[in-house]
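Written below as structure tokens is the structure these notes are about.
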Amino acid sequence: MEYKLVPLDLLVLVSLSLFFCSTVEGANITVQMGRSATLQCTGITNVFREWQRLDTGDTWVQLITLYTGGSTPDLQEKVGLDTFNLRGRFTATADDDFTATITNTRASDDGRYQCDGSSSGGSIVHTLLTYNMVSASIEPAGPAIGYIGRNFQFRCEALNSKPTASFNWTKQGDSNFAATGATLQFSNLNVNDSGTYQCTAYHAYDSDTATVQLMVTEEPATTPTSQGRTGGSNIGTNAPQTGGLSTGAQAGIGIGVALGCIALAGVLAYFFVVKRKRAVESGGEDFALQTQPGGHPGAPENLSRPPPNEPEVMYAELDLKNAPAGSRRPYVATPDDSPTEYAQIRPDKPPRSSVPHTLGPDNKTEYASISRQKPGRRDDLQAV
């Protein structure tokens, strides 16, 4: 068999072509959300280069392209910036380095980015991972109070941590104390459980701590037998609880109620006295005579106003048919009584006078409603 040697320069050319046409795995870049990430395009020297991002369908999508074969570099932004919500945050330098930067990083920026030198320039791929650690916190906040013989628990949180945080607990001054998990549970508390506890929230890229103080004491006599979230335990309480209102508060409520009742009774008594006084001034309980100035609604038109220079006329409806014998007081007629007539009554005439008297211009005039007399009844007016 005959062998032919391959020229050395040809081997070198083939080796260089294989190197530049291959894809190089770049860096695994981790950055805290909100900060900036830098992507290098080292070793890619073709006149046409582009930054791409791998989508969920394993397809490379253009972000920015750079052409340096002309008199000036030609840098162009592509629609892929909108696809991945990177416009305004993903930029690249228009020079030989073609370095890309992502500002204000977000969780959605996680993925694979490639600087590609086309078919003859090779490529380099970087993997970006963002992380976040929100400050750790403990509930309930201290100082917290626990009661001897009861159960108790603290809970540590690091909300919106990326990736999800893990937790462990330590106790200041006690190197033998250790616990894991978000919840620190105590059963059958005793005074030795008092102290300051520290929670550490952590993941592969960051961590944060929080502390809380627990004070274990005797349970007050007024504390109910069942506290907290479960019977017979005080979970996460930070102050003693009592069974009801204090004696002072109860006394204050009683005094307030008593004063309110006294005030109400006073108001009722006031209105009763005023009403009684007005009734007496108007003629007594049995004399419900209602008068009004001016013309009576049913008075004759010529008697509705007093003559000039005379006192104001008062009208009243007098019921004569129901007046008991010897009565000197008029009675108010009801709507069911017989029709009334109006007459001028002279006050200075004898009270038993049965005939109305016409007064002179200088005498005071009063109008009265007189029941029309029924057959068989007296015709005299029972009025004073």
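Just so you know, glycine gets a Cβ as well, placed from its N, Cα and C.
Keep in mind the model is a prediction, meaning the values are calculated, not measured.
Feature annotation from TrEMBL assigns domain 'Ig-like' to 149-217. Residues or ranges marked as region 'Disordered' in TrEMBL: 287-384. For 1-26, the entry in TrEMBL reads signal peptide. Under the heading transmembrane segment, TrEMBL lists 251-273.
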* Structure fact -> Helix, strand and coil residue totals from DSSP for the domain 'Ig-like' (149-217) stand at 3 helix, 43 strand, 23 coil
* Structure fact -> Across the domain 'Ig-like' (149-217), the model's average pLDDT, rounded to a whole number, is 95
